[in-house]
Amino acid sequence: RDRTMAEMASLMPPLAPSRSISSDQTRKQLPRNMSWGLLQELQRLEQSPGVYHGALLMLAINFHAQIFTDITKNGLRFNYACLLSPIIWTDLLTTNSIILLLIIPLSILSTLLTTLLTPSRPKSHRISAKIGSSRVAVGVHTLMLAVQLLLPHYVLTRVELNPISAAVASAVATCLTLKTHSFFAKFTLHGGGAIDRGPVGKLMHFTRFLFVPALVYSRSSMEAKKKGEGIRWGKIVSNWLQGIACLVWISIVFCQQIVPVLMNERPELIHMLEICVPANLCWFLAFYCVFKANFAILAELTQYPARRFYGDWWNATTVEQFWRRWNVPVHDFAVDHVYYPCLQTLKLSPESAGAVVFVLSAILHEMTFAVAFKCPNCEFGVVF
């Protein structure tokens, strides 16, 4: 029997080596003639994210302990009575007026003109034929995009608004401009897809797309209905409360930890080192307020099924991974409407196409910060 089992074993193919490598084997692969520290070994063992997350958690706990100690000692520095000031409500009214009476009408007008000028049923399915038969629509669309982007920013430079209100209005103008281009490229030039309701129906379809938390038009997502019981108002209230809590905590952190530092006469480098932790906490809270709370509310109200607004950017190990994951709507727009056209139409290399994406992103960010802080010095654009 043993001889038979041995013969059968010799006829069987050898087993494939296991892909998993134990930590002992990984340690054996380290050079023996070098002294490896804990961080280098953790990096080789791919265990560093857990260490970094633990360090960030301890840093956050320590920082919040300092905030509570400062509040106990000095009290709340933020004067919530200023929210009732007429200046705040005047800025809020001006911002909403610019958005509702200028930015949104410009987007609707641009789509209406291009819809009327573009043939609804192109004879050829080739992109070149579609553009060739719609040259007037493409020209009008390009002109209207420039008007949509530049006119609101010009108006914002002529009115007195606080930085937050100006930045919000600028971001809305930029986002609606990108939405208009995506709708024209993926819907209007293709004759409307499965939706053939005339100019009015297409205009209503575009109006719904304006309030969808996505920058790239997707016919399947727009036509699909989210499975469920309709609008979940409990989910909307929950996200609204989370957004309000984030804004309140941002105001507390800003007034307790950032303003006192900036009031001291010290070099800018010292200021940056002292406020780096509270500034990043404010950024995290703002990210949660916008991408988690605000976008979830818009998706629920519009019944938009695609709800992936960000990836696991906290696990990114390179800058490239971070930029791909932290803002999925903008990344999708950059890939579909900037990166791939540069590769396919302009015949650029991948490195050149990526450079075009980053330059365009820097210009758009610089416009927002220049309008908000009245300082077009290109510093913020270089950072982004």
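Each residue, glycine too, has its Cβ placed from N, Cα and C.
Note that TrEMBL annotation is computational and uncurated.
Note that the structure is a prediction, hence the values are computed from the model and not measured.
Now, the feature entries from TrEMBL:
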ACT_SITE  His365  active site
TRANSMEM  98-117  transmembrane segment
TRANSMEM  138-156  transmembrane segment
TRANSMEM  203-219  transmembrane segment
TRANSMEM  240-263  transmembrane segment
TRANSMEM  269-291  transmembrane segment
Beyond the flanks of the transmembrane segment (98-117) by at least 6 residues, Cβ under 8 Å: 134, 136-137, 140-141, 144-145, 147-148, 151-152, 155-156, 159, 169, 172-173, 176-177, 179-180, 183-184, 188, 199, 202-203, 206-207, 210
Count of other CB atoms lying within 10 Å of the CB belonging to His365 (active site): 18
